[in-house]
Amino acid sequence: MLYPIPIAKLIESYSKLPGIGVKTATRLAFYTIGMSDEDVNDFAKNLLAAKRELTYCSICGNLTDDDPCHICTDSSRDKEIILVVEDSKDVSAMEKIQEYHGYYHVLHGLISPMNGVGPDDINLKSLITRLMAGEATEVIVATNATADGEATAMYISRLLKPAGIKVTRLARGLAVGSDIEYADEVTLLRAIENRTEL
């Protein structure tokens, strides 16, 4: 069915979001059209504000509205441990369990030879710089349990072990192929507590 151009464009915009197919995008577009002007304006304003006001922390790479982020400026955290994650959603998932008290490093991707993504294409150099300049003695690699997550974990391990840095991996309470952001708090807590050395 053909829709008027403004609705078709709105459907197209919604369907660019991850996990949103044409059917859901169509539902969202029609819902948006039915919203009050005030709600639509607030929605648009919030989208633009998030895009303009958020940045990446210059230390850890986490999404933040302050640079450095509130985690990196928290001196009560354990300076000896850095937990390495794929993206900012994983930081939020780990923070929900309120049991990890070290710092983070966000890679903004994973090494993926099949997709042409190498170590230089992710936020790895700044991790090395941080480790050489800081007090961290352990890196916990908390990438997802996928082929790319495993490849990234092994690369980080081979890179850091010669420097005398202990490299551990989250325990396997997480299903292979699953994303950290979708794991429940108990699973994440056990994965940290039972981490294994790489």
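From the backbone N, Cα and C atoms, a Cβ is placed for every residue, glycine too.
Source: prediction; values computed, not measured.
According to Swiss-Prot, the zinc finger annotation covers 57-72, on the basis of sequence analysis. Across the zinc finger (57-72), the DSSP tally of helix, strand and coil residues reads 0 helix, 2 strand, 14 coil.
Residues or ranges marked as domain 'Toprim' by Swiss-Prot on the basis of sequence analysis: 80-175.
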DSSP-derived helix, strand and coil totals, residue by residue, for the domain 'Toprim' (80-175): 41 helix, 21 strand, 34 coil
